[in-house]
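S.K.: Let me begin by handing over the structure; questions about it come next.
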Amino acid sequence: PTAMSRRVVRQSKFRHVFGQPVKADQMYEDIRVSKVTCDSSFCAVNPKFVAIIVESGGGGAFIVLPLAKTGRVDKNHPLVTGHTAPVLDIDWCPHNDNVIASASEDTTVMVWQIPDYVPVRNITEPVVTLEGHSKRVSIISWHPTARNVLLSAGCDNLVILWNVGTGEMLLALDDMHTDLIYNVGWNRNGSLLVTTCKDKKVRVIDPRKQQIIAEKTKPHDGTRPIRAIFVADGKIFTTGFSRMSERQLGLWDLNNFEEPIALQEMDTSNGVLLPFYDADSSIVYLCGKGDSSIRYFEITDEAPYVHYLNTYSSKEPQRGMGFMPKRGLDVSKCEIARFFKLHERKCEPIVMTVPRKSDLFQDDLYPDTPGPEPALEADEWLSGKDAEPILISLRDGYVPIKNRELKVVKKNILDSKPPPGPRRSHSTCDSDFSQPALEEVLEEIRALKETVQAQEKRISDLENKLCRFTNGTD
């Protein structure tokens, strides 16, 4: 009997994970969070910045704040404003903390370079605009291991893979989804995709072969949206609704997609559950839009396979949620996850920790984790190569890398389609304009650009100094 009673409590170092909001002065206040009805998370974070989709009159915008810039956000803080209709999804590049992609109702995807200093004016010029969807684009996701490979999915039921470094379309998966795509997720090395769709199917796709390699109809019987992500060992974790409209979670094995490994009912709330997965701890965090709680579960190889750990509860419902990559966490505080919870007018970081008595580095909590170096180039991946993420140790904490510029090299411009609009006659182009003269003009423009950037940085520094002198008083 003693052996039995000892067995009742499952051994796990994550049984006591608990969540805590940061102090009031560590929040980001006075942000007009977007009110677009869309099941995206509205927030993207990395070790340098937090980005949030915001309300904007005419067009679409998001705000980018340096992580340290907490407190009240100046109402004139510059925005990223290139889209002509609302922004629906944003995603930071995993291999460059200064590059972010945005998807919009205006049917385009734009990729932006964000400077380390706060710019003086709105950022209006993307590094590259990707055009290929015919309806609004509600999902974007960077490839986890290949440089510059970006996925977008639109309301045209189309999934497109882009090479951001050349601005061209690599693959279009067009005959696979018969209805609206709810979500798309990569596996750990980026060789497979999992998608959920309004036609009630979960599909596992090999994007390079353009083949569906497994599918499951109705993993959850209810009519409301389903979400799916890859977890360890290529298993798939889903959230959805039962026929009685109870929220459910499911765990599935690709080799036997018929029967779930686990299927659990949770409650009768109607918000779609957004799953966030940490591969290092095998914990899935479930955040419902409109919920005021985050539930988390550990996935293991022993029954019941999905083990409930705890719930972080608060009073305020969440409008969206950002999830910090592992390398952005504070290992000295035994932090194993950090969420950025969006309210109507603010963003509140929530820290998940495992209490430990020792101040030493807890290597059992922090296995080596994906770092910022890509393992493959885009064309290597396209040709069929796979590579696991390049891992780094967090023993001494992670120091973000200085701003690296994203260079876009367009292929021969003559091969691409002519620009829309009236064709100009060739006579308007002065053929006497020599190559050296052109080089000179370009060099001058380059120099001017550098001067402007230097001045913007200087103005920004002076504004920050002035802010310190006046101590925040207007």
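Every residue, even glycine, has its Cβ placed from backbone N, Cα and C.
So TrEMBL lists these for the protein:
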type	residues	note
COILED	438-465	coiled coil
DOMAIN	7-71	domain 'DUF1899'
REGION	413-433	region 'Disordered'
REPEAT	80-114	repeat 'WD'
REPEAT	130-172	repeat 'WD'
REPEAT	174-215	repeat 'WD'
S.K.: Can you break down the domain 'DUF1899' (7-71) into helix, strand and coil residue counts using DSSP?
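M.R.: DSSP composition of the domain 'DUF1899' (7-71): 5 helix, 24 strand, 36 coil.
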S.K.: In the predicted model, what is the mean pLDDT computed over the coiled coil (438-465)?
M.R.: 82
S.K.: Which numbers of helix, strand and coil residues does DSSP report for the repeat 'WD' (80-114)?
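M.R.: Helix/strand/coil tally for the repeat 'WD' (80-114): 0 helix, 22 strand, 13 coil.
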S.K.: Determine how many residues of the repeat 'WD' (130-172) DSSP places in helix, in strand and in coil.
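M.R.: So the counts come to 0 helix, 25 strand, 18 coil.
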